[in-house]
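Colleague: Below you'll find the structure I mean.
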Amino acid sequence: MGSTEEQPNKPISFYDTSSSPSQPLLSKPPPAPPLPFPSSPPHHPFPPLEDPQPPQLATPPDPEQDSDPTQYLQITYNHSPRSFKDLPFLFLFLLFVLCTFVLGIFSIFHRNTSYSNLSSFTYDSNSTSCTESTLSNSTNLSFSFSFSLLAGFSSSFSKSLIWVFVITFILTVPICFLLLLSLKRYTKQLVYVSLPFFVVMPVFFNVYWFVACTVSSTCSDDFPLVYRILVLIFVFCIIAVVIWIFVVNRHRIELTVEIIKIASDALYRNLGLFVVLPSLTIGLVVYYAPIVVFLVFSRQNGEIVAEESSGEYSCVWKQDGWVPAYYALAIFTMLWSAAVMVETQVFVISGTIAQWYFSKDEPPRRSIRSSLRNAFGPSSGTICLSGLLICAVRVVRAAVDSARHDAPGMVNLVLRCCVNALLSAVDFLNKFTINFVAITGEAYCTSARMTYELLKRNLLSAVFVETISTRLLGGIIFVLSAIYAIVVCAILKGVSDLGVDSYFVAALAWVLLIVLLGFFVHVLDNVIDTVYVCYAIDRDRGEVYKQEVHEVYVQLPISRNHRPSLSSTSPGV
């Protein structure tokens with residue numbers, strides 16, 4: 001377009017007046033000229049019996065019927081100072097935290113010091129109460145337990161495990177950086193090199209355990225040959241299903257590769273996130289430490305009482321009545337705090353990536369600091385509300401899953417399916433809502449409504465940005481972690497005498513690396529979601545802030561129920 005070439009720093013607009021010789025596409029049509037009416041109404045010889053057109057009262061427009069797309073054209077990143085939203089939920093969260101700490105401090109000073117010496121109390125029939133004996137073995141028991149614990153840590157297995165964990169933590173940083181750099185520059189090569197390992201690694205481990213168990217006399221005696229063959233065939237069936245999934249979705253892999261490449265480039269331009277996000281996690285752990293201490297000391301609030309059982313009296317510990325309530329309060333506060341921390345991380349990622357997306361040629365400055373200021377300032381109440389919803393969804397889902405074993409039946413199955421579908425919908429909408437909150441700074445309900453309207457008008461296939469990219473990245477980190485575990489096992493075999501325990505240490509290293517790299521995938525998934533929302537905003541406005549993003553995301557399939565908006569019908573989209 002001619003306007004784009006003359007002003008390269010200006011985002012491309014599909015509603016530019018220079019691209020149309022007559023008028024802009026979104027401008028309202030000129031009003032029709034008034035019809036000529038005679039100066040005086042015609043004369044009727046007889047008056048009409050009734051008015052054929054009675055006057056009607058003007059009714060206000062229905063907001064649900066008003067679907068003018070131009071009212072959403074100003075959606076973009078809000079750089080101006082934002083107002084505080086959803087403050088009641090912030091005050092409610094702070095009230096829960098304050099009550100947890102105040103009652104926890106009270107539990108420390110109100111504890112019964114006799115709790116640790118419960119075993120030394122005996123029932124005295126003369127005083128009909130429990131009295132402490134003069135000799136106590138608690139100190140000796142504690143010292144013997146400490147010595148046994150130290151002896152356990154001094155073993156060869158414990159030393160190897162600790163060293164492997166420490167080295168894995170240290171190597172996670174360069175592994176994540178190299179993985180990000182590879183996904184940015186060699187995404188296609190890395191994905192297509194990893195795809196065969198999705199099949200080779202399970203086949204290797206399946207054959208390896210079968211042969212190892214057959215050779216070992218102990219394993220072959222405990223695990224008969226028939227069962228080994230059944231497990232072998234079952235694992236091969238699962239591998240066949242994985243191959244079938246790859247074959248069916250082979251045409252989608254190329255587009256997913258491009259989406260991952262764009263997200264990796266966006267994350268590479270904001271490497272400061274890898275400092276801020278782990279810091280938030282460490283801050284949550286530090287915040288959890290006193291609450292755990294409070295929970296430990298709250299158990300010591302009570303008294304030692306005599307209890308009769310079968311005509312014999314014994315001394316038991318009776319907790320105060322408020323202790324179970326405090327446990328419920330503290331655990332709920334911890335769950336809500338964890339959800340708030342996760343939503344804060346999503347908010348910071350979304351705000352930072354959105355500033356990069358909606359910036360022009362020069363990169364944004366202090367974008368992470370701005371996102372942190374908005375997260376802990378104007379949008380803190382919204383984040384608390386979002387965290388509360390996520391916490392409620394997790395609790396309800398856990399309750400539904402636990403009730404699955406207690407109440408079998410068709411009705412229970414239908415109810416569980418309905419509840420899981422509803423919770424998945426809430427989870428899906430909440431995720432894009434917090435992205436929208438980070439971009440616009442609106443309240444939660446307003447952002448949820450605007451997000452729904454935005455996705456409804458520009459409903460692209462979320463499978464690529466939701467399922468396929470996540471599973472593909474999960475497969476990559478699974479392969480990398482498996483290779484790392486094989487290397488660790490080989491090194492332990494050569495430098496230590498652990499024997500069979502080296503497999504267990506390597507397996508733990510594999511799990512630890514998967515967890516750490518899973519955090520990297522979580523960050524990259526949120527970047528993909530944010531770019532998706534920014535592209536939907538761009539598409540709704542008819543502008544192009546990042547041409548390379550539009551060249552990829554324009555290939556996303558449209559939903560069958562999609563009703564194209566006015567901007568999507570313009571040329572070039």
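All residue numbers here begin at 1 and follow the chain in the order shown.
Glycine is treated like the rest: Cβ placed from N, Cα and C.
Unlike curated entries, TrEMBL annotations are predicted automatically.
Found this in TrEMBL, in case it helps:
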- 1-70: region 'Disordered' (REGION)
- 27-62: compositional bias 'Pro residues' (COMPBIAS)
- 89-109: transmembrane segment (TRANSMEM)
- 161-183: transmembrane segment (TRANSMEM)
- 190-211: transmembrane segment (TRANSMEM)
- 226-247: transmembrane segment (TRANSMEM)
- 267-289: transmembrane segment (TRANSMEM)
- 326-354: transmembrane segment (TRANSMEM)
- 472-492: transmembrane segment (TRANSMEM)
- 504-524: transmembrane segment (TRANSMEM)
Colleague: With contact taken as 3 or more Cβ pairs under 8 angstroms (pairs 6 or more apart in sequence), are the transmembrane segment (89-109) and the transmembrane segment (504-524) in contact?
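Modeller: They do not touch: fewer than three Cβ pairs between the two stretches lie under 8 Å.
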Colleague: Compare 190-211, 472-492, 504-524 by their Cβ pairs under 8 Å to the transmembrane segment (161-183) and return the stretch that comes out on top.
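Modeller: Per the Cβ count, the answer is 504-524.
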Colleague: For the transmembrane segment (504-524), give me same-chain residues lying six or more residues beyond its boundaries with a C-beta closer than 8 angstroms to one of its C-beta atoms, as numbers and ranges.
Modeller: 157, 160-161, 164-165, 168-169, 172, 175-176, 179-180, 183, 260, 263-264, 267, 273-274, 277-278, 345, 349, 470, 473-474, 477-478, 480-482, 484-486, 488-489, 492, 498
